[in-house]
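Annotation comment: Swiss-Prot describes 54-236 as region 'Binding site for the cap structure m7GTP', evidence class sequence analysis. The annotation Mn(2+) binding site is assigned in Swiss-Prot to 380, 382, 525 on the grounds of sequence analysis. Here Swiss-Prot flags 390, 497, 500, 521 as Zn(2+) binding site, drawing on sequence analysis. Annotation source Swiss-Prot lists site 'Important for exonuclease activity' at 457.
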């Protein structure tokens, strides 16, 4: 029986490529145009917030609204998208046997995907016997992998939302978005990202790239460090840097490779594509495996094709499509709906100006006078003491804080710190007010005691600024202790800082440790450390003492 055979997954992929090659188009230029527009126009503070909520173990309606709003903005910026075009296939489009075959496969696919989404996240079973599955589980335990456990009934509800249908079509990765995020959040040039992903795409023409391949390619393409080594769970992939998202992006950059990812569906060719897919299915003995697990190549193709009758089924934006494949493609009815318009927009950029004026100095002095030297004052920095890029001074009793930034001199060292620690992107410091950080340090109350987590860097910073009068109290929390309230602080106070939009990549020597993926923000770290000492989040509302128009310089409308 065909269903008892091991699925030759890559052979199926190659067969589908050969059969459907006539329906592919060069996509590199369009993907890069969309990627550039997303990189220039999207608010990456919102991207960081969505990436943060996707890391939560449980997400609700508010989280889903944020994801959907961001997906809507991405869809607006993209020219490569799928549009709602519910398709009805009838005799004449396909033969009667083909229509029955298609209807049967869509029904099986509906059952498979429905079963997977109603149960806990699972691994792809393939066609393993029970004894093989048990042996695999033992191997994974030996290697240190933890099995995901559900509640009493074995159900893990990653999304606890009032209307589950709103989850539909919100999670597929898109090459243009992947490239834009790797460029902006990784602090890379788009050319470097494209070259790295092209290497992955070329490898994908002969095999499925795996983590070993990724590690070797990373030696040549440093920007691939951003790709996560973790296995993606169900319904979190949209903005995650998974290997599968990177491979898909690479495939879209390989013009002339007959990649399935570059198929374009139109109302005129839809039935022909489905007919060709059914032909190769019969020839190769492909089938819908109804057991829960990841989709095999045929299942993946069928689902994507039948979701929308027009657009780019693999690589386009489809977040605005309503319904599922079995809702949007049907058999023996007689209707063809209309398609919607598409209209990307363009944006401009800006420049920055001068140093502190007398009026600005007066504003900073007035702000610093509001700090009570007799009460606890926290301070934290990001970047080395010889080249700091962020400084925060926070007084828990009043909630008053001063938060400022500085453009680094050592851009190479900064990039390393961004990738492994603070996640600040150089472009977000272009307009930081020069001289402000040092001026704030000079105005700290004479002889005051500053509370810190790790005193060495702050002491060196004070020495450089001639502030030997200031005393330090180091709370000396362990790394794990200091991060106890990390998720809650980012959830409640993350809106206070919009500068940490990069992706954090754990250092190689820390890979085995449970290292955080949240960026280190000087201000939020101060709040976090005080929360550990208090055992709860602050009761006071944080108040920024400096206006944002002083922390960052005014931007010119255009360049002469």
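Sequential numbering from 1, following the chain as shown.
Keep in mind that glycine also has a Cβ here, set from the backbone N, Cα and C atoms.
Counting Cβ atoms from all protein chains shown, residue 525 (Mn(2+) binding site) has 24 others lying within 10 Å of its own Cβ. You'll find the Cα of residue 521 (Zn(2+) binding site) roughly 9 Å from the Cα of residue 380 (Mn(2+) binding site). Candidates 390, 497, 500 (binding-site residues) were compared with residue 382 (Mn(2+) binding site); those inside 10 Å Cα-Cα are 390. Scoring each of the binding-site residues (497, 521) by how many neighbouring Cβ atoms lie within 10 Å, the top position goes to 521. Of all the recorded positions listed here (380, 382, 390, 457), the one with the fewest other CB atoms within 10 A of its own CB is 457. Of the chain residues outside the Zn(2+) site list 390, 497, 500, 521, 382, 392, 422, 423, 424, 499, 519, 520, 522, 523, 524 have their Cβ within 8 Å of the site's Cβ mean position. Counting every protein chain shown, the number of other Cβ atoms lying within 10 Å of the Cβ of residue 500 (Zn(2+) binding site) is 27.
Report note: the Mn(2+) site is defined by 380, 382, 525, and the residues of the same chain whose CB lies within 8 Å of the CB centroid of those residues, excluding them, are 381, 390, 392, 422, 520, 521, 522, 523, 524, 526. Checked against residue 390 (Zn(2+) binding site) by C-alpha proximity, the recorded positions 380, 457, 525 yield 380 as the nearest. You'll find the Cα of residue 500 (Zn(2+) binding site) roughly 15 Å from the Cα of residue 380 (Mn(2+) binding site).
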